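Features reported for this protein in TrEMBL:
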DOMAIN    15-271  domain 'SMP-30/Gluconolactonase/LRE-like region'
BINDING   Glu16, Asn154, Asp211  divalent metal cation binding site
BINDING   Arg99, Asn101  substrate binding site
ACT_SITE  Asp211  active site, proton donor/acceptor
Amino acid sequence: MSVEVAIPDVTPGTGECPHWEDNTQRLVFVDITENSVCRWDSVTGTIDKVQLEDAVGCIVPCKKGGYLVGVGRNVAHLDWSSQKLTKLHEIPLNGVQNRLNDGKCDPAGRFWLGSMGKVLTFEPLAFDMNKAELYCLDTDGSFHKRMDKLTVSNGMAWTADHRTMYFIESIPGQIMAFDYDVSSGNISNNRTVVDLGNLDPSDPDNLGIPDGMTIDTDGNLWVAFYGTGLVVCFNPQTGKILRKIEFPCKRTTSCCFGGKNLDELYVTSAREGSTDEERQSFPATGSVFRVTGLGVKGFPANVYQGNC
């Protein structure tokens, strides 16, 4: 196994929500605090960026063209070539300054995305509590709230049999599982499969704050941990740690499988909130990293199947 910098210094703010486009061999991702979406061509090495009007939490491709993005409190369609942004839905203002955060498409092509409360401080990391929700944009264009009274909605993944959905609530640090109905999109039987418990940064056993997530073809979860520079693989059936990968940065944020054989792990990171000392110790912070030689593969990423 090896860890390398795939795209250096690409996100001076907060890199997040990587999505591998299997048909084009491109990686799309966002820089939340720089209000931008990025697209990297793994064949040519070209990086394109589109600047948006507000913090952008997530991006997913649409089968019929363009992308869906969570921008501020709005779900919108982005036409990449024209950079036209068409707003589709807006979530209500809740708390100090809530916004949309991580998002992903389910096996039926619905777009799930969550919100989060305002970041109050970076050191220690603190949020406006219990102001977040989890939403779903169905393929018919209808928009539904699925959960509320969350603090930071984050990573999502679905099992190969389409019967279980996994979801991270970063604060208080839990990986949840739901019974998932692929035909309706309904979720039920909420339970915690991994409880990170103590998020005290001074605890030597602290993994950090669970952030973005992906799933491999063995059904194991790969979770990026903010604050410690780790990606950790869990068996969700037992809650046990299978592997830990260390990165040359502290603020790893999310991950996805990519590459021609979907056997490379791409990991985003954040520079926003880092200190001068931290940047001197970890000059690659804000880069996208690539892990090879893991011996596992991911699934082709789902895209939105509805009309935009």
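Just so you know, glycine gets a Cβ as well, placed from its N, Cα and C.
Any TrEMBL annotation is an automated prediction that lacks curation.
In sequence order, Cys17, Asn101, Asp102, Gly155, Ile168, Ser170, Gly212, Ala224, Tyr226, Thr253, Ser254 are the residues of the same chain, not among Glu16, Asn154, Asp211, whose CB sits within 8 A of the CB centroid for the divalent metal cation site. In this structure, Asn101 is the one among the binding-site residues Asn101, Asn154 with the smallest number of other Cβ atoms inside 10 Å of its Cβ. Fewest other C-beta atoms within 10 Å: among the binding-site residues Glu16, Arg99, that description fits Arg99. Annotation for Asp211 (divalent metal cation binding site): same-chain Cβ neighbours under 8 Å, separated by at least 6 residues, are Glu16, Asp102, Asn154, Gly155, Ile168, Ser170, Val223, Ala224, Phe225, Tyr226, Thr252, Thr253, Ser254.
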